[in-house]
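What Swiss-Prot says about this one:
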type	residues	note
REGION	1-34	region 'Disordered'
COMPBIAS	14-34	compositional bias 'Low complexity'
BINDING	Thr45, Ala46, Gly47, Asn167, Arg204, Ser238, Gln334	UDP-N-acetyl-alpha-D-glucosamine binding site
Amino acid sequence: MKDTVSQPAGGRGATAPRPADAASPSCGSSPSADSLSVVLAGGGTAGHVEPAMAVADALVALDPRVRITALGTPRGLETRLVPQRGYHLELITAVPMPRKPGGDLARLPSRVWRAVREARDVLDDVDADVVVGFGGYVALPAYLAARGLPLPPRRRRRIPVVIHEANARAGLANRVGAHTADRVLSAVPDSGLRRAEVVGVPVRASIAALDRAVLRAEARAHFGFPDDARVLLVFGGSQGAVSLNRAVSGAAADLAAAGVCVLHAHGPQNVLELRRRAQGDPPYVAVPYLDRMELAYAAADLVICRAGAMTVAEVSAVGLPAIYVPLPIGNGEQRLNALPVVNAGGGMVVADAALTPELVARQVAGLLTDPARLAAMTAAAARVGHRDAAGQVARAALAVATGAGARTTT
């Protein structure tokens, strides 16, 4: 049976999951004739959850009466991230998706049936007007439930679906769902989804609205950098990245000699081995994680980072040039994520195996001491970045939910 992370009166907030045998509470504020119910299906990784939360915020900004329900699984980051953002979360059985068609895909119907039933119960409980899916473990059951599968004893009810694909190479759940979705949106062209409209990746409002120039002095003071510093920002995701840590920390002496300040988020499980700072060296600020990314972006002139969809979206949205180091596993999607920015001139790609202290020192010093080239890369990154992706997805969802004939019962 599905679980729920319930909310207090007023339609938002979260408490502990209810017992599995408890009755489902009403989700969001009380339904009314003029309030729309939107179910956001995106769980598992931050790359699925964060765009969903950005769209939730955009929906509420467009229509404060909208009722938001996030659909997730017990194993995903949504169990922490969704309640933190103040939205209601319903949990269903996780259905891991195979990367490629084959035997696992052939056995998928037996695995997914329970999750589809649970998803359908959620859609009925909240009287859903539209499902917005972001891929991942929870998306396919939501798409199938919204399609109106004839699961007795209830009548079929089709709910419109909007799909957003954040990666350059669409995952299996979104490839399946796109065949019958009402609208298909993607981060980049050529994602593998037909009819896809390119909107970028939804990012948090604090990032989308960031004016780096206005916030720069405050941001640099926050981290202890001089106003006129040349600042390199390094991060490898929520857990850091060992290869980035080694390469950049190994280049610390050369970076200091070039007058480069460093803000380095190395990950809570990692430890940096740094040389003792010499008198007169620019600051090298090493932290386990950054909880104010807007300040980090505002302080920086250049970034070294991975190339996950959310990372590329945020870095390009704020107009930061970057050295992208794709994760050297998977099917190469991280490199594909970075290519639109790189091809536009807003960054470069360096293979993980090629990232050495010598390369870091040479490339970073070369860029940060060449104002004309850095300015050109900054402008290119800003041109290709998408600041209003969350708003575009939210507007598409509301349009589909209110469209004539969008919702039918047979």
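For all residues, glycine too, the Cβ spot is worked out from N, Cα and C.
Structure with Swiss-Prot features highlighted.
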residue: Thr45; record: UDP-N-acetyl-alpha-D-glucosamine binding site; contacts (Cβ under 8 Å, 6+ apart): Gly76, Leu77, Gly136
residue: Gly47; record: UDP-N-acetyl-alpha-D-glucosamine binding site; contacts (Cβ under 8 Å, 6+ apart): Ala166, Asn167, Gly308, Ala309, Met310
residue: Arg204; record: UDP-N-acetyl-alpha-D-glucosamine binding site; contacts (Cβ under 8 Å, 6+ apart): Glu50, Met53, Ala54, Asp57
residue: Gln334; record: UDP-N-acetyl-alpha-D-glucosamine binding site; contacts (Cβ under 8 Å, 6+ apart): Arg306, Ala307, Gly308, Tyr324, Pro326, Leu327
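With respect to Cβ neighbours within 10 Å, the binding-site residues Ala46, Asn167 differ, and Ala46 shows the lowest count. Secondary structure at Gly47 (UDP-N-acetyl-alpha-D-glucosamine binding site), as computed by DSSP, is helix.
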